[in-house]
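As recorded in TrEMBL:
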- 1-16: signal peptide (SIGNAL)
- 31-52: region 'Disordered' (REGION)
- ASP83, ASP360, HIS364, ASP401, HIS402, HIS477: Zn(2+) binding site (BINDING)
- ASP83, HIS196, SER198, GLU355: Mg(2+) binding site (BINDING)
- SER133: active site, phosphoserine intermediate (ACT_SITE)
Amino acid sequence: MVRLLTLLSLLAAGSCERRYGLDKDGYHRDDVGSRRSLQTPSTPAPELESEYWSRDAQSELGERAWYDGSSGYARNVVMFLGDGMSVATLTAARTLLGQRRGQTGEESRLSFEHFPTVGLSKTYCLDAQVADSACSASAYLCGAKANLGTIGVSGHVARHHCTAATDAAHQLASIASWALDADRDAGIVTTTRVTHASPAGAYAHTADRNWESDGDVTAGCSGHAQLDIAQQLVHARPGKDFKVILGGGRREFLPNTMTDEEGSRGRRYDGRNLISEWLTEKDSRGVTHEYVWNRQQLMEVSEELPEYLLGLFEPSHLQYHMEANHTTEPTLAELTEVAIKSLSRNKEGFFLFVEGGRIDHAHHENLAHLALDETIELSAAVEKARELLSEQDSLIVVTADHAHVMSISGYTQRGGDILGPSDALGDDGIPYMTLSYGNGPGYREPRGGQRVDPTRQDYRGSEYVYPAAVPLDSETHGGDDVAVFAWGPHHALFSGLYEQSHIPHRMAYAACIGPGKHACQHSPHSTT
């Protein structure tokens, strides 16, 4: 009910995008980012060049490779991204997982917390202390830091610039592209739209994360401009060569004159049906292919997988796991399993990107219970991947793009309900929750000069909006470092503290793909 009232109040005030400068989801605040100038004093000129970040990564990689005792290389690489999965989120999620199993909870571990190596990455972007999911995707998938709101481009591309991203000199190649260049396969899996900021980092070059369909681009640009993100996925390399594309976002591929299988209208103004165009393009190649839009179809096609698989299971993002219809909507673990089975047919190997994207969305709404459940679902997907792959030839990396401002506070006794109130009261004699946010829609206006008792509502329900200190229509990201977990060949490279932009270079080293040093070519103890 609290969540519903919050949303109704925003609707009454007018469009979230228009009034509050939010992105097209209503989650991420763009009002500050859109006013940033490329030539801010805080951005040193050398950092605008992608080569700067590549040299930085390769230099430190050379030092770390000396101490790497692993042999062989990673034929397969799976990168799991928990969008907004802060360290506090990990702590609370593992506790909830344990408590669901009847334990006190604190001693529990998520599947990837058993991995042999853990490190920390610094998530700031070129022009921002606190990252968004776009500039961070450029870092952990393309190996270079970028400006807030931009994807797959160097610092020379300012946000909202209509044509700068079309300049090949400013475009970044992703590790998915490096894999394809090495005759391996690639794919993406996400619980968000497949055109959303994180998965788009694997294939798109754009000056604005919100330009997912043509109408988004033309709204900000007249005349010639860059291709929208959906078009890039279907018709440009590397996206058109992805063997597996699974997630949400049908609306970005369909014309606004057409409704999809579930009755939702498309968002394209150019009259194009990109799903049909994807099918036609695969026909022209003479390859087997299939488009699916619900769980039953996915399970059926998984029995005899085609060479190319496109699955779009919602008009926008997939539903939160706790609220989803599981007869029609696949879980992240199921999507991951199908993707790995499909890509594993290439004897050369593959790169797969898997995102638990709705952790972030739940945090933006101060829906901590949902955020933790989505984290547990990511853990299940990682466990499924570990079961399907060999530690001898497959590298799994699990990390986050940025943090959030959820905190865990109080001195509650061991085993106290992680979703509930602290054992203690505030100095005002009113309970406070163990989980709370620095800002967001969970702010409760004091009544009669007193703080509102947060326990008067059902805090065990998925709809409970956790308290926030500062009123905002959408909670913000946090600037904390995020954890990086690694399992498989050369996992030790991911220990320590490093720039987020080092991550794809270290994965590429382990996999012997892309530019720079490779494990199968570079001997750390060589004197040459």
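Cβ coordinates are placed from backbone N, Cα and C, and glycine is handled just like the others.
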Handout entry: Other same-chain residues whose Cβ falls within 8 Å of the Cβ centroid of ASP83, ASP360, HIS364, ASP401, HIS402, HIS477, the recorded Zn(2+) site, in sequence order
Key = HIS28, GLY84, ASP132, SER133, ILE359, HIS363, ALA400, ALA403, HIS404
Practice task
Ten-angstrom check, please: count other Cβ atoms within 10 Å of the Cβ of SER198 (Mg(2+) binding site), all chains counted.
Solution key: 27
Completion exercise
HIS477 (Zn(2+) binding site) and SER133 (active site, phosphoserine intermediate), compared by Cα position, are separated in whole Å by 10
Fill in the blank from the handout: Cα of HIS196 (Mg(2+) binding site) to Cα of the residue listed as 'active site, phosphoserine intermediate', in Å and rounded, measures 9
Problem - Rounded inter-Cα distance in Å - GLU355 (Mg(2+) binding site), HIS364 (Zn(2+) binding site) - result: 17
Exercise for the section: Give the number of CB atoms, excluding that of SER133 (active site, phosphoserine intermediate) itself, located within 10 Å of its CB. Expected result: 29
Completion exercise
Those recorded positions from SER133, ASP360, HIS364, HIS402 that fall inside 10 A of SER198 (Mg(2+) binding site) by CA distance are SER133
Exercise for the section: Have a look around HIS402 (Zn(2+) binding site) and count the other CB atoms within 10 A of its CB, chains all included. Expected result: 27
Problem - Other C-beta atoms that fall within 10 angstroms of the C-beta of HIS477 (Zn(2+) binding site) - result: 25
Fill in the blank from the handout: Expressed in Å to no decimal places, the gap between the Cα atoms of HIS364 (Zn(2+) binding site) and the residue listed as 'active site, phosphoserine intermediate' is 13
Fill in the blank from the handout: ASP83 (Zn(2+) binding site) and the residue listed as 'active site, phosphoserine intermediate', compared by Cα position, are separated in whole Å by 8
Completion exercise
Spacing of the two Cα atoms, ASP401 (Zn(2+) binding site) and SER133 (active site, phosphoserine intermediate), in whole angstrom, works out to 6
